[in-house]
Amino acid sequence: DRQTLVAVLQFLRRSNLRESEEILRREARLLGDDLGGNVATVATSSPGVAAVAAVPPGKGEARGDCGVGPSSGREPREAGSPCAARSLGGSPLCWDTRVGAVVVEDQPDVSAVLSAYNQQGDPTLYEEYYSGLKHFIECSLDCHRAELSQLFYPLFVHMYLELVYNQHESEAKSFFERFHGDQECYYQDDLRVLSSLTKKEHMKGNETMLDFRTSKFVLRISRDSYQLLKRHLQEKQNNQIWNIVQEHLYIDIFDGMPRSKQQIDAMVGSLAGEAKREANKAKVFFGLLKEPEFDVPLDDEDEEGENEEGKPKKKKPKKDNVGSKSKKQDPNAPPQNRIPLPELKDSDKLDKVMNMKEAARRVRLGPECLPSICFYTFLNAYQGLTAVDITDDSSMIVGGFADSTVRVWSVTPKKLRSVKTAADLSLIDKESDDVLERIMDEKTASELKILYGHSGPVYGTSFSPDRNYLLSCSEDGTVRLWSLQTFTCLVGYKGHNYPVWDTQFSPYGYYFVSGGHDRVARLWATDHYQPLRIFAGHLADVTCTRFHPNSNYIATGSADRTIRLWDVLNGNCVRIFTGHKGPIHSLAFSPNGRFLATGATDGRVLLWDIGHGLMVGELKGHTDTIYALRFSRDGEILASGSMDNTVRLWDAVKAFEDLETDDFTTATGHINLPENSQDLLLGTYMTKSTPVVHLHFTRRNLLLAAGAYSSQ
């Protein structure tokens, strides 16, 4: 987009970023001061890189809009790849922490962004143009009508904004009142924001407006329908609408049958339309990493048990199997050393051994064998429960509260104890066998520990896999790392300038991710006080974050109603999933790493095939926001927990079998969702009046659920 490019160049010049300006000129083939001439299409990645690369390190961070302001030289913003993370990309994960500080101007040259609305037609004719197009689409053949109807919403918004920007306020008002009722129901919230923009001045500070303006709205339409539309607009010489289509919409044209209303409805609804098909083409290594091999010693009791039965040899080979369950390398797995992962300590190995023993006693779940559910209800939680997590071995539960406290409970008879003071530790014989027991101070034993430090509601909590650390993130803009040996705060990570909605440890520990109101997700390592990666591209708050089981990818859900999958190695966005009609609040990867389940305020659970980048299922049943999703340990059952006070269990095996992921489907996005989500529902469990905020399967497949009793 040439106009935007010129605005960025001028901005760089004003900011004395000569080097970036030169790089950008070279990339865009604009030489010298000559901003004239026909600009070849700009390589979309360059401005993103240029605008960040030349920033002097360590200047703190103003806003995480991709390292490039809304008037960036990138065309559609939603592709996600040319973001700040890209420029910080190629290096290995441990890099000089100062580089993490990306300076981002708050909103450079908003006027340049808005000026595209200047080319105005006759304001009195806008209603005529729109109703003419509406009449044409409604009278077209059924097969084209569903596809062309997608144009109504983006055209309505842009025509309305154009009227407002050019100060035709009464025309804008009558245009809005006449046509806003025709829009799909899932755009109601956006239309409410839009209706409050009635003056040119309102547009300058409105983020939703700027997003709509800077990111091209993506529509996926078959070639036949597109030709029909183009012919109509050219015959009618309806330049106003044609200009908007070319300037503000990205039409992703595919060859083949037009899609049906159901197929389109399943995929649309996000702030920027659908994802382009290219956005989901990159290769994703969704397989699991090979587990390190070590011998699993047999318990004495196991051996005794065996001998009594008179079959001593029976169990040994089985145990070996458990230890070597992933000897074969998964063909879809990333290379073992693709990202540096922490080495296993002896305590981790012991824990793995425990885990394997528990796994041997695990209940195989299925439609005939549903899990028992143990519900932890927080009673009298007047502090307002805002987050819950449970350790992998199910020994501790943590609650984050609106009164800014973090409370940790032991849910086993073993009480929580702190390490002794330094003076007492020096008296301990370090060689003794039970040294780990001796360092604990019995006087501090209690069922509950309260951690103070945040200065706002705590929205996310996450235990480290080794249970030594706990993360919490808060409205105060910080993520805190707490020691579960001393129950004190070790680090406060400052990077987000706004509330942080979620945080989660990597399944291997050491790395963690956070996402917040600044629309950016950040990847951290516990020993770096600056982020290692910044994942920018969402158009609204990042509401939830999840690591893939192999730790090479991170999924983020956002209030822009999309889910993105990011590559930890280089910061690229490798998948964009659209289809939810409200902000995303829960994410869960299947244990085999192939599938992702997502839940949102629309009460639907959507299922995604990560390798093909396709939606493969929709589970309907909940009537309110879904805050918790979890697969059972072997992936046979998906549990979902919602604000409607229910836990529902779904048959995951059946949901993912016989998937039609042929090349045609992948190429065109003609997804055929089975209408049988009721057949997949295995059970619904009501609480009395407790919204479900967290779910967790124990190592033996008992389902734990948690929430705070609400008395209304």
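Using the three backbone atoms N, Cα and C, a Cβ is placed for every residue, glycine included.
Annotation source TrEMBL lists compositional bias 'Acidic residues' at 296-307.
For 319-330, the entry in TrEMBL reads compositional bias 'Basic and acidic residues'.
Annotation comment: TrEMBL describes 121-249 as domain 'TFIID subunit TAF5 NTD2'.
Annotation source TrEMBL lists region 'Disordered' at 59-85 (among others).
Residues or ranges marked as region 'Disordered' by TrEMBL: 296-348 (among others).
Residues or ranges marked as repeat 'WD' by TrEMBL: 378-419 (among others). Across all of the repeat 'WD' (378-419), the predicted model scores a mean pLDDT of 91.
What TrEMBL lists as repeat 'WD' is 451-486 (among others).
Marked as repeat 'WD' by TrEMBL: 493-524 (among others).
The feature repeat 'WD' is assigned by TrEMBL to 535-576 (among others).
Sequence annotations record features per position, and here TrEMBL assigns repeat 'WD' to 577-610 (among others). Remote same-chain partners of the repeat 'WD' (577-610), defined as residues 6 or more beyond its termini with a Cβ less than 8 Å from a stretch Cβ, comprise 186, 189, 266-270, 273-275, 280, 284, 286-288, 332, 540-541, 543-546, 548-550, 555-559, 561-565, 616-631, 633-635, 638, 640, 642, 644, 650, 652, 655-656, 659, 661.
Feature annotation from TrEMBL assigns repeat 'WD' to 619-651 (among others). The helix, strand and coil residue counts that DSSP assigns across the repeat 'WD' (619-651) are 0 helix, 20 strand, 13 coil.
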